Amino acid sequence: MSNRVDVEMDEEQQKRLEKIKSRDIEQLAIDQMNRCHHVSFKLGPFSFYFNPVTTFLSAAIIWLFVILVVVFPSEADDLMADVKDWITDKWTWLYVGTQDVWAFFIIALYFSKYSNMRLGKDDEKPEFSDGAYFMMLFSTGISIGLFYYGVAEPVSHYRTKEKYGNRYQNRYSDNQAAQDAINLTYFHWGIHGWIVYVIIGLLLGFLSYRRGLPLTMRTCFYPILGDLIYGLIGDMIDTLCIICTLFGVCTSLGLGVMQLNNGIHRINSDIAESTDNQIIIIWCVTALATISVISGLKVGIRRLSEICFGIGCFIMFFIFFSSDTWHLLNVFVQSIGYYLQWIIQLGFHTDAFAQQGNAPDGKENHSWIDSWTIFYWGWWISWSPFVGMFIAKISRGRTIKDFIIYTLTLPSLYSFLWMAIFGGVGIQMQNTAEKAGITCQMYNMTVNNTAKYSTRWDEIYAMYGTTRLNCRGDTEMWFDVMMSHKDLGMMMAVLSLIAIILYFVTSSDSGSLVIDCLSANGNPEPPVLQRIFWALTEGATATALLKAGGQKSLSALQTVSVACGLPFTFCLNWTCVAMWRAVREEYGEIDEQEGRWYRSMWSIADFRILVQIPLDIVAPWYRLAKLRLKLDKQESNGGMFILYAIQFGLPFYLWIILMIVEVGVEQISYVAWACLMAFFAFSSGVRGEIREQFDIEGNMIEDLFTMVLVYPLGLSQQNDQLEFGETNNEKKENGIEMGVKT
């Protein structure tokens, strides 16, 4: 009997695989793209193709927000700072925990039987060589971060400007503190950072190149939302991605020009560090990015990525060989060992006790995780749609295993080598300066009580031959290390400037290309004028913020970008679920329509459903009691209906009543929330039984989250499943092919 079932399953799987192989991906891609809202026309020699909803709505929201932060820079900065503090206070556990879950998921996928499947047809070859592929994705994904933080972060963790500046400080020797400084930097720039790009890029590339779905963020939700991604819901998803991408690129551009301006000033003191000069730099970068994005992916973006990556490697190996090479090799090997040993603890560490700020011995910094880990995770996640889409765009023809190696393993190892070299050199400079007796008070110290005459960095360096880096600004540390190489210092500073500019350009042009693809429903070759429009919009936005609102406007916009990471965190969790289902479908294990609900939970345009939802919001017990009776096949039993109504209604209404009573009875609201959780537990149990009866894909965790987040929509979906759905046995008996609509 078992052998016969296996044969039947093999035959079914074979039929599914033959159906998958027969797809015309190119034609499917055109058809799917045109199912979204779009406008297409020609104006003279120029053609246009764009989604009017995503294009105009995102542009309106972007400029409305820019105007607000320009007019009210201080208020916007304060408000966004409060939002960021709230995220850290309430959602640290989610940011930290989900990064680990995603890492485990990708590792499991790498070692699974699905890892040899390609992002494209089974016989398709990669579009770009391995070297060009890695340089493009790395240059886009990392931007100037390695230059900005390569020296600054390890030194900041090692010697902070405030007491107990990181979670390990003042517990042990300086040597151990130095190692932990490198280890924390590895944590922020390693697997946990790159994992978010892998998840988005992998699912997008997989669905786009195997099923012809649009290469936009809406596609990530296809396994969950089905055809709803082609409507307004999909437009809203892409609009949010456009906004977050543009804000992220603009703030990176606006804040990064300060480091560029500082470097130029170090080379030529006649060029002052001023807003006007920074705006000139922005438009130089924008002009280069515009030229690059016009020339296309295979020419401009590819060649620029190769050049800036090559310059970065040259600088890294120059520092490696010109410094204590054997010491740096020791740092690299030792730091890899520490990373592997402590990655689990670091990955799950939330500073749970330090955030309370009430340690009796005072040895804590309750805001450290907000300034570092939460900032990093929010920033990486908010950039994931942009970088993930770009990586997907250049990954056609690669296997899942190959994709993970090049987007997770190799970037992490390269980042580790970079941080070990520059972090190791920076810490050695710091130690030398401390032993020489250099203090922060010696910098900018007035002479004869006259502010006009004060000690400069170069005077201290000329006297002692080193620099105390923790007394310097983050934008200065990199160039302090470069300029320490005597006769070659100026050359290295100039090379650094060129590399930073080119990294800026690669981020800007890639961002412009991705935004244009989003606004054009994933069109692989968006019209030239649209590319120019978005490239210039990035430059104009950064200029407006810097000129009118200054640092506070850019800081507010940066905080918004980081805050975007919170909603995308929930999206990435669903993306993992969608990815697992997609690989099983493409492997032929399940049909595309098998194991789905009768209709999508988000299909609420039907008048019948819209009428039901208000009742489900205020009286969910009524629907739940009815569902429970249907499951028990006792629909006419009035007594059981009353019992079930009490079971579901009592905790729900107790929650409401006790929340009101909180006005007079302190802390009674905690009982209220416990009652609400009981309601969610009971209702998710009903959903689980329905799911199991109809062999629907899912698990208890998904059931619980559905009821917690959108219980009225979940109840409506469950009702239709019992009303109109069929079990697998019923389908076979009726001679109906497996699968139902989504």
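These residue numbers are counts, starting from 1, taken along the chain as shown.
Positions of Cβ are set from backbone N, Cα and C atoms, glycine also.
For 48-72, 92-111, 132-151, 186-207, 228-258, 278-297, 304-322, 374-392, 404-427, 488-505, 641-661, 667-686, the entry in TrEMBL reads transmembrane segment.
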Exercise for review: Could you name the stretch, out of 132-151, 186-207, 641-661, 667-686, with the greatest number of CB pairs under 8 A to the transmembrane segment (304-322)?
Suggested key: 132-151
Exercise for review: Six or more residues out from either end of the transmembrane segment (667-686), which same-chain residues have a Cβ under 8 Å from its Cβ atoms?
Suggested key: 620, 624, 627-628, 631, 647-648, 651-652, 654-659, 661, 700, 703-704, 706-708, 711, 714-715, 718
**Study point:** the transmembrane segment (48-72) in contact with the transmembrane segment (404-427), cutoff 8 A, at least 3 CB pairs, sep 6+
**Key:** no
Point to revise | Range from 92-111, 132-151, 186-207, 278-297, 641-661 with the greatest count of C-beta pairs under 8 A to the transmembrane segment (374-392) | key: 186-207
Study note, to complete from the structure: Spatial neighbours of the transmembrane segment (228-258) not adjacent in sequence (6+ beyond its ends, CB under 8 Å) are 32, 35-37, 51, 53-54, 57-58, 61-62, 143-144, 148, 216-219, 221-222, 273, 278, 281-282, 285, 379, 382-383, 385-386, 389, 475, 500, 504, 507-508, 511, 514-515, 518-519, 534, 537-539, 541-542, 545-546, 554, 557-558, 560-561, 564, 567-568, 600, 602-603
Review point. Where else in the chain does the transmembrane segment (132-151) make close Cβ contacts, counting only residues six or more beyond its ends and a cut-off under 8 Å?
Key: 126, 185, 189, 194, 197, 252, 256, 259, 301-302, 304-306, 308-309, 312, 383, 387, 390-391, 394-395, 398, 406-407, 410-411, 414-415, 418-419, 422-423, 425-426, 469, 474-475, 477-478, 480-481, 496, 499-500, 503-504, 506-507, 510
**Study point:** Highest-contact recorded stretch vs the transmembrane segment (488-505), from 186-207, 278-297, 404-427, 641-661, CB pairs under 8 Å
**Key:** 278-297
